[in-house]
Amino acid sequence: MNNQKYIRNFSIIAHIDHGKSTLADRLIEHCGGFQAREMSKQVLDSMDIEKERGITIKAQTVKLLYKAKDGNTYYLNLMDTPGHVDFAYEVSRSLAACEGSLLVVDSTQGVEAQTLANVYKAIENNHEIVPVLNKIDLPASEPEHVKQQIEDIIGIDASEALLISAKSGIGIDLVLEAIVNKLPPPKESSDDILKALLVDSWYDPYLGVVILVRIIDGALRKNMRIKMMATNSVYKVEHVGYFTPKKHIADVLYAGEIGFFTASIKQVADCKVGDTITDEKKPCEQALPGFKPNLPVVFCGFYPTDSSEFEYLKDSLAKLHLNDSSFEYEMESSSALGVGFRCGFLGLLHLEIIQERLSREFDLDLITTAPSVIYKIYMRDGESLEIYNPADLPNLQKIESIEEPWIKAIIIVPDEFLGAVLSLCTEKRGVQLDHSYIANRARIVYKLPLNEIVYDFYDRLKSCSKGYASFEWQMDVYAPSELVKLGILVNGKAVDALSTIVHRSRAEQTGRALCVRLKDLIPIQQIDIVIQASIGSRIIARETIKALRKDVLSKCYGGDITRKRKLLEKQKIGKKRMRQYGNIEIPQSAFIAALKIGDE
C-alpha cells in the first residue's frame, strides 16, 4: 500500500482528564482494532501508572482501517502523545510526525493551560486542527460557551466543532469522517532516498530496542542497513511493522506511514527522539529540522534506607534507564546517608513517576533528597561551572556571580481565586508579564525561578485555587540571582544531604523553619543536640534539643555527699565522651521535612 491520499496521520491534543485516551479507545473499537471483549480502558496507556494517574507518558501509535462514506478505505495512523509539560519535547516530535490534530476540549471545563501549550506546538507544525467538544452528555456541558473560548484564546474557528461523548460513544462516526475529510494526507514523497523521523523508542526484552518512526521519504525495508544521523550509528533492520494496536510484522514501510522497526539495538540511549534515520549506502543530504538532545532540568538524590540494597537500587535504575533515556543517574556518597545516586529528570512529574516505578516495580524503600536545578557559577578567576548538587557549591568568597534558570509560566484560574494565586507567585519571586480575562477566568503569564517551582508550587497552586487552576511552563533564560547555600549542622557536623541553595532574602526564614522542623523530628538523646542553620561560617538560626536526664542519684538514699558528686562527675565524663564520639541518628522523616518547609 503506497497511495498516500488514503493515509491520515493525526494526534489528539487535550488537557489531563478531558478524554483523550477514552476517545482513542472509541476510535480503535469503531474501526475494529480490538473486538469488544478485548477492549480495556485506555488501550494505548500500557503502564499501570499511566492508567491510574490518567496520563500518557510514552508516545503510542495505532494504525486503523476505516471505510468512509465515500466508499474508500482509509489508513488512519493515530499518534497518542504525552500531554504533560515534562514530556514537551516528545510531544513536539510526535506532532512533527502528523499532518493534523483533533483538539479535544471538555465542554464542562473549557480551555486549560496545557491545551494551549500543545495546540501552539501543533500550529507551529502547520497542523490542520479539528475542534472536538467532549462530555456533551453531562448536565454541566456548555458547548457554545466553550466554542467562544476556543475562538477567543486559540484563534481558530470553532463554529463547526464536533459535539461528542467519548465515554458513551456519541458522535464517534462524525470524528472519523472529519479525520478523512478535513485533515490532509501526507505530502507526496519527493525523493526515493530513505528519510525517517525517530518519534519514540522503548526496550523489549526479546527484540531489544523497538523504534517508532514516521517515514518522510523513501521506504524502510527488512534487512536494510540504516544510519542514525545524530549519532552516526549504523544498524541492520531485523523487523518492520505497525500496531493495530496489536503488533503486526510487515516487509516494508512506505513514505507517509508510521510504524516500528527493530535492529538489535541494545539500549534506548542510542536512539535519540527527533533523530533522522537514513539509508547507510545512499544517505539523505540533510537531517530533519528540530532535533535537540533531551537534557534533565530537575535533580535529586536517591538513597536506599538499607545500605545492603545499594546494588539492587543500581540494577533497578539501569533497568529503568533502558526504557527511559531522558532519565540520568550517577553515583554519589553522603556522610549522612551513605552511598546513593544523584538522578536527573525532565521535570517534577518525571521525578514522581520514576520514584513510583522504583517503589512499585522493584519494591524499593528510598530516601529522596530535596530537588535542585542546574546553577551556572562564574568564579572570580574566570572559571565557570555548572552544579546541581548544593554540596558542590564553592566558597562564596570565590564566586563572582550565580545564575539560576527562570521559567515562563501560563496560569489559567477562575476569578475568585486570582488574588491567592497572585500572592503565591509574588511569594515565589515571580515577575508578572501579562494578565488577561477569558469570560470568568483569568490568564496570567509569570516569569518564575525554577528553584521555587520544584518544591511545592504545584501543590500550593492547586490548594489555593481548590484544584481549579491549570499551570503550564517552559524554560526561559538563566539570570543572575542573590543565591546562597543554606547548610544544616547537627552538633557542629554538617549534614550535606540537608543543604539547599536558596535566595538570600529567604535564607533566614527557611533556616529557622528547617531547624524547628528538625527539632520536632530528631529523637531526644542523652546529650544536648544543637541544630544550626548556616550561610558559610555565619550561623543564622539555632534550636537545641535538651538531653534526656538520667537520674544517677536515684539509688543514693542519703549518705556522704562526696558519693553523689563522684556519680555526677562520672556522668559528666560519659556525656563528654558521647559528645566527642557519638553520632546523632537522623531519621528518614527529617530528610523529607527539608522538602516541606514551604508549607509552614
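Backbone N, Cα and C atoms are what each Cβ position is placed from, and that goes for glycine too.
A sphere of 10 angstroms centred on the C-beta of G19 (GTP binding site) encloses 23 other C-beta atoms. What Swiss-Prot records for D17, H18, G19, K20, S21, T22, N134, K135, I136, D137 is GTP binding site, and it gives sequence analysis as the kind of evidence.
Look at Swiss-Prot and you will find 5-187 tagged as domain 'tr-type G'.
Between the two most distant C-alpha atoms of the annotated GTP binders (D17, H18, G19, K20, S21, T22, N134, K135, I136, D137) there are 18 Å. Ranking the binding-site residues D17, S21, N134, I136 by the number of CB atoms within 10 A of their own CB puts N134 at the top.
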